[in-house]
Ligand code: SF4
Ligand code: SF4
């Protein structure tokens, strides 16, 4: 039996060996100018990520995604489940910003600001290099590292993962709730303890095992880059015209017969996703600039101009004319302006409470002995303020409609309450079985009012 492995005809995935096993990537570090800048941005962002749930704006956390209550607080603005329009405009603005940013600056988010890149490159990898050295060739450098050092490294990973898990969860359960979880016994809040443990395990799995595969396999953003980028978007690119034909430096080869690439492979060794930037734009490229730093260092050593691998765009690299202005960089900002304006106007027009009229279950209406038609409605009230509030229900001054409120109309801070309401109108006032009634609801403290139209059903 032929036990030879079938080999793919071409390169399949940078994180796979030819036999399909995991190819571990231990990139070599090049501390060039881009690395220094990225590290400064990275540490600044880590401070921001940790601080955001602790900072208070209008007595609420700057960033709090309360999934249990379906209430999102972003920079002092509270979004409730009833804010579907606001949420829609917010999401449209967010997507348009991503489209615009990518069209202009390529995957700058991935390389400079994504928490996955930042924590991996500036927290976990430095720890790994501290305990295991700076081998940086791919393969498995851990093999030669004493077990005690590896254990210490994973111990450090665990501590960092616990800190990160707490930071991450603070965005969803609030800092005060998290403090309560930490101070009490796990048996007092087993769900909280399980959530925390699962988050730590996920962090450990991601940063010590899954790593670059999150970007190359799991994250959808890289897959969208081919449609989001155009030929004039800023990308990390290798200057083929200058670099080719590549070849090792030797006495026989002259600068006339060879390009500037000396085929040293350092750009590949530096790459955290294990690709070769000389193969052109690839989905796995995070635009982390490590190959730029690597190549610049080599160019300085061989006394050639730096920038063989540099920030550029496809047209420029191919020597074609480049125009900054193109349809998508005009259309995206215009659409963004529209959606941000719509978001702002909707937000400014928000009242201190929301009202939704709903119909009760069961019979749609009852005809009474005095020839009135009764409709059982439900008024859903949402108090958006941080204070308790009392609401008043009013019908227009001159009306033939009667109303009976079947519940308490005071709401606690941020409370949502459904209040049953019995509305009756003379049978003769119904046209083809329908009758509209205007209902005004007024908040007593704010003196704000909202008028809603209730559709009554009749015979
Ligand atoms: S090719 Fe260069 S920019 Fe792209 S991921 Fe690799 S090192 Fe980073
Ligand atoms: S680091 Fe520069 S010179 Fe070396 S292989 Fe890469 S592109 Fe060529």
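Heads up, the Cβ atoms here are built off N, Cα and C, so glycines get one too.
Predicted automatically and left uncurated, TrEMBL annotations should be read as such.
The annotation transmembrane segment is assigned in TrEMBL to 40-57, 85-106, 151-173, 193-210, 329-348. What TrEMBL records for 252-280 is domain '4Fe-4S ferredoxin-type'.
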### Summary
The recorded stretch from 40-57, 85-106, 151-173 sharing the largest number of CB pairs under 8 A with the transmembrane segment (329-348) is 85-106
## Note on the structure
For the domain '4Fe-4S ferredoxin-type' (252-280), the DSSP residue counts stand at 8 helix, 0 strand, 21 coil
### Recorded stretch that, among 85-106, 151-173, 193-210, has the most CB pairs under 8 Å to the transmembrane segment (40-57)
151-173
### Summary
Taken over the domain '4Fe-4S ferredoxin-type' (252-280), the predicted model's pLDDT averages 85
